[in-house]
Amino acid sequence: MLFMHIRTRFAPSPTGFIHLGNLRSALYPWAFARHNKGDFILRIEDTDLERSTQEAVDVIIEGMTWLGLDLDEGPIYQMQRIDRYHEVVKQMLDSGLAYPCYMSEEELNLLRDQQMANKEKPHYNGLWRPEPGKMLPPIPEGVKPVIRFKNSIGGSVIWNDAVKGQIEISNDELDDLVIARSDGTPTYNFCVVIDDMDMQITHVIRGDDHVNNTPRQINIMKALGGTPPVYAHLPTVLNDSGEKMSKRNGAMSVRDYQKAGYLPDAILNYLARLGWSHGDAEVFSKEQFVAWFDLESLGRSPAQHNPEKLLWLNHQYIQNSDPDKLAEATKPFAHALGIDTESGPNFVQVVGLLKDRANTLIEIAEGAKLFYMPTPNLSDKQVRENIPETVIPALKDLVGAISSAEPTKEGYAAAFKQVLAQHQLKMPALAMPVRYALFATTQTPAIDSVLVVMGRDEAIKRLSKVIR
């Protein structure tokens, strides 16, 4: 058996918006290429000049870079290959694989209306298709023709889809496809074929909204002497309401998830499971995913977006992240809240303290605010309502115990234990007033850990203000 060098591609149209379903269409071909030590190519299908902008392309590249989907080639822009498409159109005209069609838009619309009135499926009737012995209509003056591919008549297009199994489409269902518009610009399905052939794409892994394009592309490719790639059409990604995921249906963009404090590895893990599985594995690294990925494990049923599952996964990744790396990822969110991470407690320690309870980087940054706020200026009323007079003697003894304790979690825990026993108190009766004295709130992580991060001197200074 000959060795096949795997080459896959992600070929989006740049619309300026990329959601999770779009990115999944990039992730799977990337993973397949990486698993097989092949090549992954980014191709920008920008022949729709009205919708395509460089800013829109940048959004795609930014999302892929954030997820770590590295490229071997690209981005390759279709509009930069226009001369190549024109060259192939001319070859097809010269060889009889294509022909000019002078049918106007009005004539096509009239034909479509007549067919629908007769309960027929709308289709091009082959008026300008050259056949032996057929007399073509006179060429109208001043009309620029479209160029149509001369599709096979009779028979079927059959391919074995890596996800959907064998698919067969009758050629009678397929029109003579327009491959170049009257202004000379090539059409989507034609460009795709030439690109896939020129770039030697071996596997086309894409959404199942492209299934209807596949027989047309196969016929053009075979007519040009090419070998069709392996096709794998991924089932649709549905939103949490069961509708197809789209901007129109309220899908969040990848940028939105970035801004909401999701980690790229959590998003990648989540996307991997939207239509693919490896046993019962729920949480896995990018490296494990690449090692396990194969087309045989792709699901056939639509995958439904589950925001709660994504948030849970993000929590798992935050919880298991290296504190140094997590602190770096959190800094932009902290700075946006006005936190100066360079002054005050060690930010890595603060993040390490907060990460086990946080679902997003924003939640970590919100929690970190406590440690960088000025010393609370508590009123007498606040002190009376939150720090009972009966606890003041215990707080005084706690200050002494903290002063002589080892500055560790264990040391401070021992100091609390000593004072609790001395005053016959339960932990909440002492810990809650301490929290309030330190932060003007009773909602904090474990108090012994808080003291380590805050530092002994700052903690004693704040406690002393309420026990004078």
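Glycine is no exception: its Cβ is also placed from the backbone N, Cα and C atoms.
Annotated by Swiss-Prot as motif ''HIGH' region', the relevant range among 12-22, 78-88, 122-132, 210-220 is 12-22. Among the ranges 49-53, 224-228, 244-248, the one that Swiss-Prot lists as motif ''KMSKS' region' is 244-248.
Distant neighbours of the motif ''KMSKS' region' (244-248): 17, 19-21, 236-238, 305; these residues of the same chain sit at least 6 beyond its ends, with a Cβ under 8 Å from one of its Cβ atoms. Per-residue pLDDT, averaged along the motif ''KMSKS' region' (244-248), amounts to 75 for this model.
DSSP labels the residues of the motif ''KMSKS' region' (244-248) in these numbers: 0 helix, 1 strand, 4 coil.
Spatially close to K247 (ATP binding site) yet at least six residues away along the chain are F17, H19, S253, judged by Cβ distances under 8 angstroms.
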